[in-house]
Structures are given as C-alpha cells and as structure tokens.
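Chemist: So that we are looking at the same thing, I have put the structure below in structure tokens.
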Amino acid sequence: MKWDEFFVTGEPMIYAADVSIVLVSLAIVIGLTYFKKWGYLWREWLTTVDHKKIGIMYILSALIMLFRGGVDALLMRAQLATPDSKFLDAQHYNEIFTTHGVIMILFMAMPFVIGMMNVVVPLQIGARDVAFPRLNAVSFWMFFMGAMLFNISFVIGGSPDAGWSAYFPLASLEFSPTVGNNYYSLALQISGIGTLMTGVNFIVTILKMRAPGMKLMRMPMFTWSVLITNVIILFAFPVLTVALALMMFDRVFGSQFFTMANGGMDMLWANLFWVWGHPEVYIVILPAFGIFSDIISTFSKKNLYGYKSMVVSMVAISVLSFLVWAHHFYTMGQGAMVNGFFSITTMAIAVPTGVKIFNWLFTLRKGKISFTSPMLYAMGFIPIFTIGGVTGVMLAMASADYQYHNTMFLVAHFHYVLIPGTVFGVLAGMHYWFPKMFGFRLNERLAKTAFWLIIVGFNVAFMPLFFLGLNGMTRRMYTYSASTGYGPLNMIATIGALILAVGFVVLCYNFFYSFRHSPRNEGGDPWDARTLEWSTPSPVPVYNFAKVPVVHSEDAFWHAKKHNVPLYEEGPYEEIHMPNNSGQPFILGVIMFFLGFFLVFSWFIPAIIAGVGVIIMLAVRSFERDHGYHIPPKEIAATEQKLRGDTV
Amino acid sequence: MKKKRWLFSLIFISVVMLLSGCDTKLMVLDPKGPVAKTQSNTIIFSILMMALVLIVVYILYIFMLTKYRASKTPDDYEPPHMEGSKWLEFIWTAIPIIIVAILSVVTVRTTYAVEKVPAGYEDQKPLVIYASSSNWKWHFSYPEEGIETVNYVNIPTHRPVEFRLYSYGPISSFWVPQLGGQKYAMSDMITKLNLVAEHEGSYMGKNSNFSGKGFAQMEFEVLAQSPADYTKWVKEVQQTAPKLTEQEFNSVLHTDFVGRKSYSSTHLKFSAPPMDMSEHGHGGDNSTDSKESGKDSADHMQDMGDMKDMNDHSSMEHGH
Amino acid sequence: MKINDTLPLEYRTEENSNKIFGFWLFLGAEIVLFSTLFAVYFTLWNRTGNGPTGKELFEVGGVIWETFLLLTSSFTCGLGIHAMRLGLKKPMMIFFVVTLLMGLGFLGIEITEFVNYVHEGATLQTSAFLSSLFVLLGTHGLHVTMGILWGAGILIQVGRQGFTDETANKSFIFSLYWHFLDVVWIFIFSFVYLKGLM
C-alpha cells in the first residue's frame, strides 16, 4: 500500500481536518504539559473505576461525537439546499451520510444514554458503585477506542460509504473496495463488546445491589428503563457481534457469507442487521422514557401516574422490539403474509407507547408544573414524539410502506422519533442531573434559549422532509435536478438545520457560562426532587452514600422529606470498602484499538501481536490480587461534614 | 407559555395547509394506476386516523399545561398522590388496540391487494417485463416482444404489467411512485411487481435504494401509451434497433452511465436471471409455465448456484 | 463485606455471588451468539456453490472422538468442582488437569479435521456453506482454546493459593463455561454433523 492510499488525499476539506486534528492534539498535549495535568488526567480519569466519572467521560465523548455527527449533518444539508449543487461530490456525500448515521446512533446516542445510566443508576438504587467497577471501565474504554478507530477513518484510509446499515453486496469488497467498511466492522465490533459488558454489569447492579427496602416496584422509573434496556442489550448485541464478524470475514478473509457468488446471500445481512437494529432503537429510547418519567414527576410535584402500567408497557415494548425487524425491508419480496404479520407486530408497539404518553399527561394533571429547562425538554418531547409515533404507525402499514420506503418521509419519521425521544431525553437528563455531577446548575436562561432554538430549528428542518418524501424524493441522493421541484422545501430544511445548530452552540456555551457564573451552594437537592440520588451531597463523594439508605416507599427521598422518616439509620459510620483504580482497562482499550487498526489494513502479523497482547492483559487481570481499599469512618465523617455542613 | 401554544398551533395549521394544498401535487398522492390508488387511499385513511390520535393527545396536553402550571396554583398547594386509575388505563389501552386492529385489517387487505394483479385486470394476460439493475442503469427486457431498452420503459395503458426484478450488483429498488410502491431488485432471486397504468403519460421511475456513487442519477422514464401507440413503438424497435450481442451487453453492464438505448433482442438468453423464489420454479424465459413443485428446495439452491456461476460477471479474486 | 457461611465457598461473599450471576447473564448472551451462528448455518447449509456438501466432507470417526472427549471432560470438570466443595485440593487439580487435557485433545482433532478439509479444497472462501461451517466450528473451537488458557491460569492460582473464596469462585465460573461449551457441542454434533451426514 502506498502512502497516498493510506492517508486520504485530494480533498481540501480533509486537509483542513488533518490540520485541525494535528493542531487540536498539539494544543491538548501542550496544555496538559504546561498546566502539569498529565498526572491528574491519569490518576483521576484514565484509570478511574468510579461510575460517576466513567459516566461523565461517556457524556463528554457523546458531546464530541454529537459535534462530529452534527457537522456531517450540516454538510449534507448544505449540499441539498439547492438543486444540482456542486458543494460535495457523490463519494464524499456517501461517506458523510454513512458516518453521520453510525456516529449519531452508536457513538452519540448510545454513550450518552450509557453515561446517564452510569452517573445515575447506582445513586438511584442506593449503591456505592456498579456491580463490577473494573468491567465498567473496560466497557468505557472499548467504546471509546471503537469510536476513535471509526473517526480516524476519514483521514486514514477513507470512511465507510455504504450507509449506516451497510447493506450487502454494496458493502462488499467488490463494490466498496476501500478500507472504509473494514473500519465499520471493526470499530463497531470493539465498541459493541463494551456495550454488551455494560449490559451484564447493569443487570447485576440493578437486580443485586439495591438498598434495603428498595423492592423492584419501588425503583425509580429511570432505573426500571435501564434494567429493561440492558436486558435488550444482552439479547440484541450478540447478533450484531456475529453480523459484524461475518462482515469482517467477508471483507478481510474472503469468505462468502453475503457475496454475489458461491452461495452467498445478501438478504441474510439485512436480516441480521435489523434483528439487532430494531431493538437498538429501543435501547436508545427506553432510557429516555425513564428520564422523562422522573423529570415529569419531579416538576409536577407528583408521583408518576400509573407506575405499574409504565413498567408493564416497557416490558411489552422490549418483547415486541424483537418481533418487528422485517418492517425495515417489506419491499424484499417476502410476500403479503409475512409483511402482514410484521405490520401487525409493529403497530402493536403503538399501544404500550400510547399508554406511556397518557400516563405522562395524567401525571401532569392536578400537579404543580414548573417549567425548568429539563421539564421544557420533556414537554417538547410529548407533542413532537407523538408525530414521530403516528408516522411510525403509518410506515408500519406494509402496503403504504412500499411508497414511503427509502424516502425522505422515512428520514423525517425516524428523526421525529430519535431527536425528541433520545436527544431531548439525554439533554433533559443532562440539565437535570448536571448539579449531581458537577455541583452547580446550568444557567436556566441560556438553557431555555437553547431549547427554543432547538425545538423550532428541529421542526423547520424535518417537517418539510415528510412532504419531500411523499413527492418522491429518496434518501441518500447527493443531488437532485431543479425540475423535480424539491428545491424550496430543501432550502427551508437547511435553514432549520442552521437554527438547530445555533441552538446547540448556545447549549455548549452554557457550560462555560455556568462554570463561571452559577452559584455553588445550592445543596444536594436543588430541584426539590423525589428519588434517592438527591439525598446525596452535590457533587457526590466517591463512596456515594456514607450510610446505605433504607427505603420505605416509591419516591424514597420525597417520602423521607414529607413524612420526616430518616433515610439513614442512626449510629456511627462504618468502614467503606472501595475498588482501586487501574490502568489496565485503558491499556486494554489501546491494544484493542491497534488490533482493530491492523485488521482494517489486513496487516496480520502486527494484528497477531496485538491479539497476544489482549490475551496477556486478560491473564494479568486473572492473576492480579487486588482487594481494593477501605475508607475509615473518620475520613467519611470529615468528608460528609465538609459537603453537607452537618452529620447525617 | 403563549409562545409555545402559538408555535404548536402554527405547526399544526401549516401541516393541514400543506396537506390540503399539496394534495394534488405530491407524487405519491397523485396516483395514475390502481396500485398507487390503493396505496394513496391507504395513506390518506391512515393520516386521518392518526390526526384523530394527535388531536386527542394535543388537546389533553394543552389542557394539562395551561391548567396546572405552578404560576396558576396557590403557593401552599400540595399535589395529591395518585396511583393511576384502572378505568382510564383500560380506556387508553383498549382504544389504541381498536385503532391498531382497524389499521391491521386495512393493512393486510391492501397489502394482499397490491401484491396481486389489480382487481379488474386478472383475466388479461400480463405483459412481462424483466427489469434488471446494474451500476447505475436499468435494463428492461420484453421476452415476448423480443426487445430490450435501457433507462426507459414503455408500457400500454389498461393492461397489467408484471415487472420481474433482479440486480447485477447492489440491491436496488424499483419505484414508479405514481403507478405503485417499490420493490427490491436483488442478485440472487427474482421479485415481482404488478402495475397497471390507467392514464397515458410520462412518469418518473427510479432506484430508491442507495447503491453507490451513481445512485442519484439512476432514474428512468415510464411512458404509458395507448395500446395502439405501444404496439407501434414495439414494431419500430423490432425493425430499427440493433440486436443486443453479449459483447454489447457486457460493455453496457460495465459502463457507469449510458443514457437511453434500444435493442431488438434481449439479454435473457445469454445472461439468465436468477431463479424465482415466489413460484418455486426456474428463472428464465418461460418461468410462468414452470411450476415444478416436485423438486425440493435443495435442488433449487443447487440450480441457483449454477446459474449464479453462469452470470457471474465479476471477478471474485479478492486479493489482499 | 457480607459473608454467608451457609453457602458453598464460591458463593460466600456478595461480590462472588454477583460474579456468578453476571456470568450466567454472559452465558445468556453467548447462547444468543451461538443461536445466531446456527441460524446463519441453517440458512446457508445447502448453498454450496461449486464446493463440496456436508455429506461429501464430514467424516464420522473424528467427530465421535471429539464428542467423547468433550463430554467426558465436562464430567471430569464436574467431579473437580465436587472435589472442591469437599475441600480436596489435589483431586480437584487432577480432575481439572484431565479436563484441560481432553480439551486439548478435542482441539487437536478439530484442527486436524480443518487441515483435512483445506487439503480437500474446502476452505473458508469456497462457498457460503463452508464459510458458515468454519465460522461456527471455529467460534466454538476458539471458545475451547480460551477455556484451556483460562483453566490453566486458574489451576496455577489454586495450586499457589489453595481454595480461597476467589479461587473457588473462579473455578466454579470456569466450570459453568466448560459445561456450556459442551452443550453447544451437542448441538453442533446433532445439527451439523448428524444432519449433514443424513
């Protein structure tokens, strides 16, 4: 391979990206050295096993990826704003919508959601950490290195260009000869394994590590949603693991799973991909439902309406999510009977989802609603998501789907589901739990400005796409002629995308503004909230709870506040056992990165060396005898005194 | 909060206006044949049903948000603890189930309807056209007429047309929005699409499934002609167009963009289409007649493998 | 740390019982993984292209030996855990050594078989059927390999430290894993080899 094939060349935008990557890396290195922060970075972040810090790192990575995916989106919208535009060529456009999809789903939505789980779930159930803190760090570094591997593709070797669903035979070596889709299979594989481990970790955490008295039916709704989500992860991700492995075998080792000759079957890929892909949608949306449930209840000053039916509906959604995958390809010719079956299962999902919408609306009833920034996102979610939901029912009807499939109507639909669902969900959660993570709230005025820009921009950007789709505009076309008449609506959509982008800029500016100006003395419970995490001081000490809380009812903290029942038993502190930090997860992640990178380029000898490195890391972990450390009662008392100004 | 209500009513009104205003212009809702007509009716029916749902949710939403705002309640107001109501929860489970049931019936009936030859046309002998895609063109073979076209297809009105779809490369999707919904064209099986044009005219057809660099240009014209004009056109092509040689076909296959072409013979003889899964028979020129239900599927797979080798146009040497 | 003395050693601490539960969940994910591979195999098994079919390829002899070795090793692994519960270090280690040796034997036969296939011109690249066969068997074989390495590591730790709640926990989890591989093999034996030979 020649160097000019190794590095992507010939594109001014890529050169600009090269330069900016080098400059940013240099700035980071110089900054860390100048401020003598290398040790701090290593000790406090890279080696941490603390679920709160891991959660923050997930969220930070997700925000960076949101920026990358957002830039991709803006480039696409810029290209489509006018007919016959020459801004991007076909290949570049194809790469951009592919990376936009992959990054937004797998490297933005997933880590954002998992970050929220990490920060919040142990606090909500009264645990000191997740069940396997070290494994949690491994999960994070696998995700992070997978994301980095995917991101370097656009400067080294070329990005994948076959869409985020990478349908074969288009994604085969024959029709996509660059290494782009090798990156796809390996980067997703590495981060997918991390996600699977997260699934195991959180199921054990939630089922086994709840505080005394926290029965399953007393858990906060977010914790419930996380439990169900992780069960879906556990059953869905192995399918992705297999699909990606077969893809890698086809592309790197010349096997014949999805090829066009020797018995290969392209339809098999589509099936495997969507058997994972549809549950994946619920993996990113159920936790958002949980976040909205907690937020709506908190800011209506009421308990969640229909708690039991909320749980049952989530379980129903999770089961149904595995029975609908073929609705992604009704047009594959499987006949009216199969399509009819999948139409009905798909529409059936509307029933439990509708139950949730009505329960949220009735939670508001007779409440005392305050429109804080998290609540605004939750209230923005309901009407917009309902549009996404009802268009979903329309798409579920196979006969009609023959006309919507692959069009902008579909694009509009899933953005109407995923943006109000997942993105508003995690943004609401971020504003809501921000004081728990950092000890201060985000500025409300700026947060609300950002919200209104985002919600207006979103609708202006995506509403026109419904009509473009019905007018025959297909997705993924890099250009269209003026005679199609698609021009004006596309221009409106681009303007909407710009408003949306401004909204995100304001949202990010708010971090800096609030870091400098927000008050720091608001205590552990600035929102007058209901669940256990708010009974801890903000920011939360490393051990979370000085004493393990005792739960007497649903909304445990609210109950304790209203009825003056102590959450914590009287008596002196006891020693707390904590896990040690470790550099191993980070090192393992780095080795996995190189293993993936070498396989992308079919450099087998370095790959084997990296593979041996992985086995050595596993052996090191097996032989390690690390029993953690203990925090003495005196130190706990001192910490609590400092954070709360009193003893519990 | 006025801002928000204003915003949502604006969105709602604009949706209604766009829907009613564009009704006649939006391609999918401007059908020119019975299949597209069924689909357009299904879509409009589902929009109305869903609008009903949206209205209920929006009314409840606006009601809750205006009535129970903290600024409207006294400072010492303590919201009550409410567990949920069996009756209410039953209602908002049962009504969606009824709606879904109605939509399911409509879906299943219309899905069967659009898969079959449209009602009223069953006793006519369909015009068979093989439509195959390659990067980035559409080839149309008329086996009975013995002609082939590239990137345009002429059909007679009021006669059922059976498109048999397959691909020489990535999965593509054959779509003529004003005549009916799309279907995939794939390399290892034939799929069928039954369409009828009831109005003469030129309609846009395209590949709607992303298939690489030339995807955006992969459009074709469907010209629906009166039967007399159609017969005239067929004769003209048979008499004036050159024969399609294997060499010529391969060169077209490997050229990215070729414009329109016409030939007085088809590629089906030397480059047979894959087998037809839907009828459990062989692909090829006379697949309508071959219903050899006695053969077991393993044999079919074997046949298909052979056929694949025959028309394997690509070099499978994946060197690294 | 909460310790419940009524439970077997490997379950005694809360952390250990979490680990066992977590491993069961992991095995759940593994079941999905192998089910998917089986589904792929069943979809592609008669798509042999120009390559040989299963009937032409499979030989009974080696497969019977593989099955015998793996099934017996699962039994000796169980005996090892029984010995551990009785606190008998040496018998436990002997049973585990026997288990791992039989695992090695299994691997040896499987690799020979693969080499034979390749010599007959049946490679990963030949046909969809062979791709799915090699990947299904290979994934199982890779699991056995990892199991042998892991088991050897645990044996060393038991040898050095005796039965602690940690080593007992690891040994027990290893035994779950090993039994699981046995179950997967029974499916491979029935639905790949027997079905292929019929």
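Including glycine, each Cβ sits where the backbone N, Cα and C put it.
Automatic prediction, not curation, is the source of TrEMBL annotations.
From TrEMBL, for reference:
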type	residues	note
TRANSMEM	A:12-35	transmembrane segment
DOMAIN	A:36-552	domain 'Cytochrome oxidase subunit I profile'
TRANSMEM	A:56-76	transmembrane segment
TRANSMEM	A:96-123	transmembrane segment
TRANSMEM	A:135-156	transmembrane segment
TRANSMEM	A:183-207	transmembrane segment
TRANSMEM	A:227-249	transmembrane segment
TRANSMEM	A:311-330	transmembrane segment
TRANSMEM	A:342-364	transmembrane segment
TRANSMEM	A:376-398	transmembrane segment
TRANSMEM	A:410-434	transmembrane segment
TRANSMEM	A:489-512	transmembrane segment
TRANSMEM	A:586-619	transmembrane segment
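Just tell me what is around each of these and how deep it sits.
Modeler: Same-chain residues lying 6 or more positions outside the transmembrane segment (A:56-76) and placing a CB less than 8 Å from one of its CB atoms are 45, 87-88, 93, 96-97, 99-100, 103-104, 107-109, 111-112, 114-116, 118-119, 140, 143-144, 147, 151, 426, 430, 437, 497-498, 501, 504, 508.
If you look at the transmembrane segment (A:311-330), the same-chain residues 6 or more away from its ends with a CB under 8 A from one of its CBs are 165, 217, 221, 224-225, 228-229, 231-232, 235-236, 270-271, 274-275, 277-279, 281-282, 286, 289, 338-339, 342-343, 345-346, 348-349, 351-353, 355-356, 395-396, 398, 401-402, 405.
Within the same chain, residues 59, 62, 104, 109, 112-113, 116, 119-120, 281, 284-285, 287-289, 291-292, 294-295, 298, 372-375, 377-378, 380-381, 384-385, 387-389, 391-392, 395, 404, 440-442, 447, 454, 458, 462-463, 465-466, 469, 475, 507, 527, 533 sit at least 6 positions outside the transmembrane segment (A:410-434) and bring their C-beta atoms closer than 8 Å to a C-beta of that stretch.
Non-local neighbours of the transmembrane segment (A:586-619) in the same chain are 1, 46-47, 137-138, 141-142, 144-146, 148-149, 152, 157, 179, 182-183, 186-187, 189-190, 248, 252; each lies 6+ residues outside the stretch with a CB under 8 Å from one of its CB atoms.
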Chemist: Do the transmembrane segment (A:227-249) and the transmembrane segment (A:183-207) share at least 3 Cβ pairs closer than 8 Å, excluding pairs fewer than 6 residues apart in sequence?
Modeler: yes
Chemist: Compute the average pLDDT of the predicted model within the domain 'Cytochrome oxidase subunit I profile' (A:36-552).
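Modeler: Its mean pLDDT is 95.
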Chemist: Which residues, given as numbers and ranges, are at least 6 beyond the ends of the transmembrane segment (A:342-364) yet have a Cβ under 8 Å from it?
Modeler: 289, 292-293, 296-297, 300, 302-306, 309-310, 312-314, 316-317, 320-321, 323-327, 330, 378, 382, 385-386, 389, 392-393, 396-398
